[in-house]
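So the structure is just underneath, and the comments pick up after that.
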Amino acid sequence: MSIPGHYEPSSGSDLDSDSSFSPAVMNHLEAIAQLSDDDGDENDPDWSPDQGQLAMLAQDDEDDDELDLEETDDDADPGGTHQEQQEQQQQGDANEERGALQIGYDLLAIDDSLVRDRHADRERRPTRRTRKSYYPTVTEPQEAGVRLERGGAFGPTPNKYDTSVRRTWNYSPRSAPDYLRWRELDFRQPRKDVLGDMMLPNTAGVEVSQFTSKVYSGQYSSDGNFFYTACQDFRVYIYDTATPPRVGDKSVTDSSAAARSRHGYLHDWEHRSSLKLTKVVKASPQNCRWTLTDAELSADNEWLIYSSISPRAHMVKTGRGHSSWDSSGSHDDVDHEQEELNFEGGAGRYGGYGGFGIWSLRFSHDAREVVAGASDGQIFVYDVETRRTVLRVLAHQDDVNAVAFGSASDSNLLLSGSDDSFVKVWDRRSLDGEKPSGTCVGHTEGVTFVEPKGDGRYILSNGKDQAAKLFDLRMMMNDVDFDRLRLDRRSFGIDGWDYRQSYYAKPRYQKHPHDNSVMTYRGHAVLRTLIRCHFSPAATTNQRYIYSGSSDGKIHVWSLDGLVVGVLDRAESHPLINQQSGEYNDPSDYELRTTKRPSRRARGSTVRDVSWHPYEPMLMSTAWEEGRGSVAGSIALHEWAGRPRHEALEE
């Protein structure tokens, strides 16, 4: 069987015989077959598929002409010339060449079409179907992660490592309902982390909010009573999560918006939700640029702070808003009494917006200070009471995408992650000459997020090298070694690669040559935007799990030993509004929790942020949406599925 564009030698059968082809034609067809198997050197800047193939074809034609002349000379009659026979032979050869050339051009056209399709795929925005992994899949627990689980820093040793004769699980209930029943009967005081391990969020989820703008962050408050999200339309929405979502309700705004969205008309809504909306904080467009980059609630839930690509952040009281079920986003009493935190004034790189933009900011544990990371490589510490910047450090050679306070009990330890691929640690008690206390080395591309465990020892980072990394600050590289290795002057990433526009290309290094991380977690996609990762809650899981959003529309959950314990797909989440009834879907409905919506493969979601409830087995994911009409962003609630109804209570 012949395949267009590919030549295989004859098998010897009469049907496959190539005896009717001249050597010139054979050479020509072999060149065409070579074209199909080799697309050329795409790394050569002067190479293009069309140019390479046409040049090769032209060269083959010249070689064929020379070969024909040689054959004519060899076949000439030594006794004399037979002009008529030579003319007939040349005419026959010309006909064969024209036929072969026509075949070649046809095959070349097919090959060109395939090449164009491949290049179109390279230019297409990254999707779940085309992302390629260059790292092996972890199928066995990693030794370093096992040591973490058994070391005590992440709670008591899990039952799976109990090798004694009287193993814990022999005397423990085997399911969460049994565990709860034993607790009520006072048979045994259960460990919270064991119960948390039994009740990991594991459902595709149900949407609880939709937006006409992209959602950039979304987190639970420290007590779990609120959930807040920052959007591209310069609004921060604060929800009351202590109140169950409303169900069986449909407002005029929601129904009309849904109908208009389905029929492609202009939408007349900005936000709709089944959650109880507590407050809407609207930023002034004059003080913002492009989007809100970050937002955070203080530990006491009294203050909210948010930032944009501007040197001015804003802080607002959360207790002066009203609670309502109105989800239209068109509040008349939106609180405009906001306090400005100006980290630096004057025009600069962003014109009237100042010399830099703020990508990340965090409250200290007592909400008296704010740390911020800027687009010009600087980090700042702002004193809220005195309204002035008390620390300014040129920390990195590129954008600072993430900052945090390293400890939950004081504000002396600062963390910063940058597009220069480093996570740096700063101790304000010994800060001398703008030198960090140490550097966490391991990412080969830019760092998108940093989160501390809160104990002043372990920190977690997400990177554009498609990896989340866990660092132990006792193992960080000191400043002397960092300068000796000249790491700030060397690049270990992919030259010219832009994570916002293309796939993750083949990395230059499988691992950074000076990697000092404890563990690496892979499987998610960090493309398009600054994807965030987090530790699981301390109260229910002892922070023994790592979870992250992903540009492939999924939520990835790992145990400390590196194994993937859960992948939740936002493409299978149930929509906010039931298409048949027009009412809000109930996230706690058993049928919705235990079923998945048929995957919307034609559509794309990017899960930018995820937040695990501090005390309950559920998490919220915030995502960008594509291909859904006027819906550009959404929030989904993912709960623990619970015991299937057909199972008996007794085992």
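Each position is counted from 1, following the chain as shown.
Placement of Cβ uses the backbone N, Cα and C atoms for every residue, glycine included.
The annotation region 'Disordered' is assigned in TrEMBL to 1-96 (among others).
Taken from TrEMBL, the feature compositional bias 'Low complexity' covers 10-22.
According to TrEMBL, the compositional bias 'Acidic residues' annotation covers 36-47 (among others).
Marked as compositional bias 'Acidic residues' by TrEMBL: 59-77 (among others).
As annotated by TrEMBL, repeat 'WD' applies to 358-392 (among others). In the repeat 'WD' (358-392), the DSSP tally of helix, strand and coil residues is 0 helix, 23 strand, 12 coil.
Beyond the ends of the repeat 'WD' (393-427), by six or more residues, the same chain brings 359-362, 364-366, 368-369, 371-381, 434, 436-441, 443-452, 454-456, 459, 461, 463, 465, 471, 473, 476, 487-488, 492-493, 530 to within a C-beta distance below 8 angstroms of the stretch. Per TrEMBL, repeat 'WD' is recorded for 393-427 (among others).
As annotated by TrEMBL, region 'Disordered' applies to 578-605 (among others).
In terms of DSSP helix, strand and coil, the repeat 'WD' (393-427) has 0 helix, 20 strand, 15 coil.
Secondary structure of the region 'Disordered' (578-605), assigned with DSSP and counted as helix (H, G, I), strand (E, B) and coil, comes to 4 helix, 3 strand, 21 coil.
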